[in-house]
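Presented below is the structure to which this report refers.
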């Protein structure tokens, strides 16, 4: 059996009788019993009597004594060693809070509150033994009986209705499970394991520190906020560490943050585990390390990293070591620990608490062994031997209960004896002393203890404030008790309903076992003296995270946030491409395709631009597409405009030339009226091509097609009538055919031209009225340009216009072909035949070229067809005539014209 379990075995109690005669002569018999062999453990603490006494477990020492290997007596628990100043400050927060409550006339009026605080030694055997000692009334129990009346009453050590403690989650889990069947409430001030929030497993547990779940969530939000996507993790190998990392991983899932590695440290194999963790940190590319360790374990890891000169890592600290004064004051950790950012238990002031601490003096409390140890630690001298054990820290105004102290011999110990210290002068005082005990600048766990006492006091107040029997609330689910008869189960019910305002004016209540999450964010910053100091840089209140990034000093000694990524963030214009088999934080960057953009860093996908927009050259923004149409400014537009103007000028020149020579036989013989009308129509053909150049508009789209169709029909009508006139003239030379020419005189010729043209006008009018051509933005083509063109509207209407032009051209070609061999010195039918061949060849080629040409090139093809066919008519019909008139005037005679 383990030595620390021997005190749990039911031992035969030692019955020690005394006979005492009181002042009235009455004889009393006192019998005391001891329930285990551990001597002096209940005396190494603080106590004050009261009508209601609350229990406390605080680790004043953190190392167990060396085991006794002499085996000369049964094993038992001995007092622990290695005194700590901070936990003594926690204990005095409990003392100070009880003193405040006793002076408060509105909280527990008429009830004096007491306390009994024992050393938990930060070890579960001592913690569990202390808790059972508190809830059972102590190690020693005495009964005093008046022989004459046979009346008995217990000693002054009464069972406590609740326990405030312990500091460690592991010890607290043991306490909550052990005291759960007894319904004894346990209020912890530092046990933060998320597992303790389970109300079914721990219905009697409460705490004034937030659950580790909120701490892990805060750290996950910090990594995301600061842009760290590649983070390592080191945790203690127990529920505290593993559950925290589990919550952290769940929170970062889907945010792009990954764990580069996860190492655990076991205190039983600390040296080996520290070396393994240091190897991993040194080899990893992660520059940010998340650490959930106790400060002693973290100190060992930092020393190992410092020995290896690994000083470029940024640590995220949990509350267990983020405010450790021992680490901050260690100069060997300066280079490796500089810039630590951590989550810390919230800090709050306690008015008057510093004055209370500095007023303590062993001369006024000679029996306080803990204060004596503090004096030896701070001043290096002994204030004198304690006059006794178990003396209350604060004098109690209550009359002492008749009791008898058990004389005992100090327990033997195998630990080395402490060196003798010189006696103090008595002038020593804590005024002006700077030590962890007197430092009240950042009260964290101390304030949690303070809140725990007030929560217990308000629950007791609710329990003891009984309604009147005849009031409506009498007989409700809550019950009330007398101070000397408090039920832990009833107190547990009232503790679940605690809701009050703290002395600082803040609301306090329990949500199950937990309190609302409130944290400080702290930073370890270098001082000119070569030491590290703790600086508060932010606060977490529930879901609100406030942080002053400009106030952070990072591990580089600057205000520049360190970078910790597996792959550099993809810049705007690219997207993330996952690597197969790698974490989501390790990826490649691929440029966005044309027409797609990404304007944020680390974009997972590229977004397609709206239809009227296109990506810029860097693929970072969508810019409006450039409108593309055949304009007068580009080279093609200028060239076609020049050709069209030249054609129109040439036509005008021919017209003027023909007008000047209108009386010559050649001009008169070729129907000068139709020739002039043909030249006018050709000039309009050249000019109508200009309507196809420029920005398409509603009226421009309507005019261009209608003008093209009507003007070309006018031109072809003139040619057709001229061809008919030629045929009629030669047919009328035959006997009996004179009537034919008279029937097709000038009036009929004009009428025929008007009739042929009117048909096209009607077609165009119907087309424009039903489904006219309209401007259209062609967005179907990929690229940075939008094709602005004229949509034909009705394909049937456009086909009828072209079809009618083709019909007249075919008819004209046919008649001219029939008249080509008529006898005459100047047979115009031949010229018309050649011109119609050119015209038909051009427009037959136009159809497939127009259909296959995109955007402005379609307009260019149509303009080219117009100009080509117009030049063909102008040159084929009028160039030979101009040649004869200008260069061969001898042939421009009536005689020559009439000869065969």
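Placed from the backbone N, Cα and C atoms, the Cβ positions cover glycine too.
Taken from TrEMBL, the feature compositional bias 'Pro residues' covers 396-414.
Mean pLDDT for the domain 'G-protein coupled receptors family 3 profile' (636-900) in the predicted structure: 80. The annotation domain 'G-protein coupled receptors family 3 profile' is assigned in TrEMBL to 636-900.
Residues or ranges marked as region 'Disordered' by TrEMBL: 390-420.
The feature signal peptide is assigned by TrEMBL to 1-25.
Per TrEMBL, the feature transmembrane segment maps to 635-660 (among others).
Among the features that TrEMBL reports, transmembrane segment is placed at 672-694 (among others).
Beyond its flanks by at least six residues, the transmembrane segment (706-730) meets 670-671, 674-675, 677-678, 681-682, 684-685, 688, 691, 740-741, 744, 749, 752-753, 756-757, 759-761, 763-764, 767-768, 801-802, 804-805, 808-809, 811-812, 815-816, 818-819, 822-824, 827-829, 832, 835-836, 862, 866, 869-870, 873, 877 of its own chain at Cβ-Cβ distances under 8 Å. Here TrEMBL flags 706-730 (among others) as transmembrane segment.
Taken from TrEMBL, the feature transmembrane segment covers 751-770 (among others). Counting residues 6+ beyond its ends, the transmembrane segment (751-770) has Cβ neighbours under 8 Å at 674, 677, 702, 705-706, 709-710, 713-714, 716-718, 720-721, 724, 793-794, 797-798, 800-801, 804-805, 808 in the same chain.
Residues or ranges marked as transmembrane segment in TrEMBL: 795-819 (among others). Only residues 6 or more beyond the boundaries of the transmembrane segment (795-819), in the same chain, are considered here, and those with a CB under 8 A from a CB of the stretch are 705, 708-709, 712-713, 716-717, 719-720, 723-724, 726-727, 730, 756, 759-760, 763-764, 766-768, 770-771, 773, 827, 829-830, 832-833, 836-837, 839-840, 843.
Here TrEMBL flags 831-851 (among others) as transmembrane segment. Same-chain residues lying 6 or more positions outside the transmembrane segment (831-851) and placing a CB less than 8 Å from one of its CB atoms are 719, 722-723, 726, 802, 805-806, 809-810, 812-813, 816-817, 820, 858, 861-862, 865, 868-869, 872-873, 875-877, 880.
The feature transmembrane segment is assigned by TrEMBL to 863-887 (among others).
Distant neighbours of the transmembrane segment (635-660): 667, 672, 675-676, 679-680, 682-683, 686-687, 689-690, 693, 856, 860, 863-864, 867, 870-871, 874, 878, 881-882, 885-886; these residues of the same chain sit at least 6 beyond its ends, with a Cβ under 8 Å from one of its Cβ atoms.
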